[in-house]
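Notes for the one structure printed next.
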Amino acid sequence: MSEIRSSVEKRRLRGVVVITLLSSLSFLYFGFISPGKNKTTFGFVLNNEWVLIKEWVIASATGVKIFSGISLVASVLAILAYRKRRQIVFPVGVATFGILMSFITWAASGKFIPLTGLLQGALLLAVPLIFGSMSGLICERSGVINIAIEGQLLASAFVSGVVASLTHKTIWGLIAAPIAGAAISFLLATFAIKFSVDQVILGFVLNVLVIGLTDFLYKKLLVPYQSTWNTAPTFGKIELPILSKIPVLGPIFFSQSIVVYLMFAIVATITFALFKTKWGLRTRAIGEHPTAADTVGIDVNKLRFKNVIIAGLIAGVGGAYYTVGSVGAFGKEMTAGAGFIALAALIFGKWSPIGAVFAALLFGFADNLQSTLTIIGVSIPSEFMLMVPYIATIIAVTGLVGRVRAPAADGVPYLRGGAH
Amino acid sequence: MRTSLAKFGQAIKLPGLSFALAFTLTGFTIAFSDAKVLSKIGSPLEFIKSAGATAGNAYLALFQGSIFDINLTKGHNFFQGFYPLSETIVIATPLILTGLSVALAFKSGLFNIGAQGQFIFGAIGASYVGFHFQLPIVIHVIAAALAGMALAAIWGGAVGLLKAKTGAHEVILTIMMNYIAGYFILWILKTSQFLRPGRIDPIAPEVNQSARLPLLAGANLRIHAGIFIALVAALFVWWLLTKTTIGYKFRAVGANGQAAKTAGISVPFVLTATMAICGALAGLGGAVQVLGSEHALNADIAGSFGFDAITVALLGRAQPLGTVFAALLFGALHAGGRTMQSNTGVPLDIVLVTQALIVLFIAAPTFVRFIFRLKKLNSSAGLTSKGWNG
């Protein structure tokens, strides 16, 4: 027990040290050693929401000193909290925010940063990641490793694009997508549960299968017969009355397509169901200790099968976001590894729904910050900006999250009698 | 004699049935996605005939593109007909090396998805030494290959070290590092050190003649000495795993990390060493690709060698010899796939489907048994990786 506690303490200490160092570095480097010479403009207005502040203009160097100052203060609070053995999550979070804002203020010296647009884009980029990580969450909480998230997303993006093109109706695309996701899940569940195939290998192979199949059909059908097979219509934005008019928050959360609202609903439902319902208790039981669950009369493999299928349905909605939810036409390998990032978000978020959502939002933000800064033209090579989300993930899984613990029976096929 | 034949029959039954099943399913996919075949759906006989012809032609082209093509012998000598086989081996060479990288990691209980990134760093190192320095023949090749291997070993070893020190999972680390390596090569090709003078597209200068691997069958065939390097590497991995103490430690950690730790094996050392050697192997793959067939570093140098390596290692059951055969098979599928695409219009990507199905069926002996209603099927213990907590 003492060893576990000391390793937790070590990690907390490492977190505090890292954040203090980064805050000081940001204060010194962005504020004094290489300060921005011009003014940075933050824009807050995106659509037709009510205007509270339109723009905020500040000299880059002054802005950096303010934001880095905030993060330095937060770092000191984190040190105090650490010494008093209190929670350090909040001050560390504030410090991280300060460092990020310092960086943006510094990098965009003399430029215009559409802050609301930046956040809205971050949410949109996170949408498929969130759906994907929810799929992984439900599988892995019930003890089945799901590396096939990429395959689920890609297959359902393909099917929803094709179905919506053939029927000329977005709604049919949205209905067909979860079925495609569930089909991949069916393969995953059958081979993992019925035939006890190693789940990591299985998931990887399913991804290759889906990539191969969609690439093949894309070249064979979607390219030559584009006008009938690959011209999916897209969902329009639904602006919620009044709510969508709230400054900053309105355009981000309440002026989105139906897929995004579905995401909010699904995340809320899963969080509630997993921790407050009989289904959730049973799901967590078969993921942590299937033998015990079996003893009290839960059919472990049946529930696992069911949950893997549900996970496929959820990932399927995420896949629909790629086609009918945003651009319409299907593109070759258009998910571009989002399934793997979703997996990283799940692990980063320690297999909790809220954790995974925040991790996915962080990835979305890093990704969108990169493209925003590239578009406004900062001096950092774009390749390095593109690396940021992945470097951030590595820092997160090595430095901040540390030793994460998956559900105890994750990836272990359940055979009655304990033989595995 | 009879018993050994029967044994052999048992041993190849599972792979044989898996292959048959995979190629049958692929054939159906090819036939039923063809517009000409589908147009004949009205008359069943015509439909079956046309479907058979479509799939048959595709497989014929696959063979012509991977082993031997009689058409190529016209106007040349007979050996030119083996041009496809030479292509198969050229593609298989880096695949053997990356496949070994993944296979060795499996033996230590690690899932190395990072062969792609390691390959890239191997290619970068080999390319730089290859075009930047003037060295005597032989020494230049060795120096370039070693430079690539060293870079890749550091890149791979970092994964093992990070896993050992922080507990971060290697699957996440290697996936992220693949992306980073992918962007890194895009960047480095734009730098003045690497950009070929007079070019603006991302391509490095060609490596010097002294740094190139010799061709094995004349200037008309691309087959080069890299295949021997790959085979020696396979031998090395076999020797390392079965004949050395360090290899024993690798396997002990792979079998049961906790027990290995109790027995006094330093798990952090094993993790770092394994990943460094895996990195070096995949990096050698990148080096061989640059020094043997491409000669110049470009942004797409790694292709999908690092990802195909995983299917190769899985198909080869993580055994060195199995990996060599699996790489040759996949090399053949890729080389043949190109011919199939140009001759019959069947997209190359179908090869990925075949690969995935073969590995899936091999990994699921109980499924194959179920399909063919076999009572018993000899199969080696299933290949497993460790879950997140392993």
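Note: Cβ is positioned from N, Cα and C throughout, glycine not excepted.
Features of the protein shown, as given by TrEMBL:
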TRANSMEM  B:88-106  transmembrane segment
TRANSMEM  B:113-131  transmembrane segment
TRANSMEM  B:137-159  transmembrane segment
TRANSMEM  B:171-189  transmembrane segment
TRANSMEM  B:223-241  transmembrane segment
TRANSMEM  B:262-284  transmembrane segment
TRANSMEM  B:322-340  transmembrane segment
TRANSMEM  B:352-372  transmembrane segment
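Beyond the transmembrane segment (B:262-284), the same-chain residues lying 6 or more positions past its ends with a Cβ under 8 Å from any Cβ of the stretch are 97-98, 100-102, 104-105, 108, 110, 112, 114-115, 118-119, 121-123, 125, 145, 148-161, 163-165, 170, 229, 233, 237, 240, 246, 249-250, 252-253, 306, 309. Scored by C-beta pairs under 8 angstroms, the transmembrane segment (B:137-159) has its highest count with B:113-131, from the stretches B:88-106, B:113-131, B:171-189, B:322-340, B:352-372.
Beyond its flanks by at least six residues, the transmembrane segment (B:171-189) meets 111-114, 116-118, 120-121, 123-124, 155, 158-159, 162-163, 195, 202-204, 297-299, 301-302, 306 of its own chain at Cβ-Cβ distances under 8 Å. Only sequence-distant pairs (6 or more apart) were considered; of these, fewer than three Cβ pairs between the transmembrane segment (B:322-340) and the transmembrane segment (B:113-131) are under 8 A, so the stretches are not in contact. Remote same-chain residues near the transmembrane segment (B:352-372) are listed as 14-15, 17-19, 21-23, 25-26, 29, 308, 311, 314-315, 317, 330, 333, 379, 382-383 (criterion: CB distance under 8 Å, separation of at least six residues from the stretch ends). Taking pairs at least six residues apart, the transmembrane segment (B:113-131) and the transmembrane segment (B:88-106) share three or more Cβ pairs below 8 Å and count as touching.
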